[in-house]
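> Got these off Swiss-Prot a minute ago, pasting:
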type	residues	note
TOPO_DOM	1-5	topological domain 'Peroxisomal matrix'
TRANSMEM	6-35	transmembrane segment
TRANSMEM	37-58	transmembrane segment
TOPO_DOM	59-87	topological domain 'Peroxisomal matrix'
TRANSMEM	88-120	transmembrane segment
REGION	119-139	region 'Disordered'
TOPO_DOM	121-145	topological domain 'Cytoplasmic'
TRANSMEM	146-183	transmembrane segment
TOPO_DOM	184-214	topological domain 'Peroxisomal matrix'
TRANSMEM	215-234	transmembrane segment
TOPO_DOM	235-324	topological domain 'Cytoplasmic'
ZN_FING	271-309	zinc finger
């Protein structure tokens, strides 16, 4: 048996992804019909993980070919390429392929959201952005508690590190796929880490050196596209950081300006009748202050305080000299 080429490995992966998509969809629809849309939104990632584990548990871990591998006629072998992988190696493959990405996303996504919040919005409102109120989970509360203790410099450094990690994993995956197109050995990064390759049991019609050359050219194009997209993402990240910094500066200046205006308004006594600066302050028997012109005109129609409605004759008004 010869080593499987890139066309067989890609066809097998696409076929497995097709059946995995159907299994995930069926499991999600079952949960949606039994528990409702809210629970489905809350647990859809876990449902996808359980579907992947069930699929690979019944095939790879059990020692059978997956439906995609059976479709193209390839089998898994260990680094010696003479024996099928041990059960432990196959279990490690499934853990690296299905469980590890879920755990990384579960850890990095809440941390990135808390760091991006940066105190700009009330903490209680952040949970509304998450489906099913997942912000109440213990992991998110732990992340929120420790993120609140960070200084501004530590928060910026950690936010930059989380961004680099998330983008780095995505770029590493794309780089690995491009390298596979060129060399045609490991399509999934998990298989490279587990040391599992493929041998083909039959030769597919139409495979020749021209197809391998085409995949090599595709790999070079993918590498070029990866470099360009990495540059654009880095530029976009710097632009967002600059815009966020300018917005915080503008917000602080606006808050400071509004505070100064409020203080100035508080220092200027206002008449509650004309809503302007109080002139010739006059006191009613109940102790409220108004402009002399405003309160005398008021008393011509109503002999009561405009605020507390206490009755009093106009001659009880007291003009306050040298009082603002």
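The backbone N, Cα and C atoms fix where each Cβ goes, glycine too.
Since the structure is predicted, the reported quantities are computational estimates derived from the model, not experimental observations.
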> Which bits of the chain, at least 6 residues beyond where the topological domain 'Peroxisomal matrix' (59-87) starts or stops, bring a Cβ under 8 A of a Cβ in it?
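1, 3-4, 8-9, 11-19, 93-94, 194-202, 204.
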> With Cβ-Cβ distances below 8 Å as the criterion, list the same-chain residues six or more beyond the ends of the transmembrane segment (215-234) that contact it, or say none.
6-7, 167, 171, 174-175, 177-182, 184
> Under the DSSP assignment, what numbers of helix, strand and coil residues are found in the topological domain 'Peroxisomal matrix' (1-5)?
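In the topological domain 'Peroxisomal matrix' (1-5), the DSSP-based counts are 0 helix, 2 strand, 3 coil.
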> Summarise the model confidence on the topological domain 'Peroxisomal matrix' (1-5) as a single mean pLDDT, whole number.
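Per the prediction, mean pLDDT sits at 80 for the topological domain 'Peroxisomal matrix' (1-5).
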> What residues in the same chain, six or more past the boundaries of the topological domain 'Peroxisomal matrix' (1-5), come closer than 8 Å to it by Cβ-Cβ distance?
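Distant Cβ neighbours of the topological domain 'Peroxisomal matrix' (1-5) are 72, 74-75, 81, 184-185, 197-201, 203, 207, 211-212.
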> Can you tell me how the residues of the topological domain 'Peroxisomal matrix' (59-87) break down into helix, strand and coil by DSSP?
10 helix, 4 strand, 15 coil
> Could you break down the residues of the zinc finger (271-309) into DSSP helix, strand and coil, giving a count for each?
10 helix, 8 strand, 21 coil
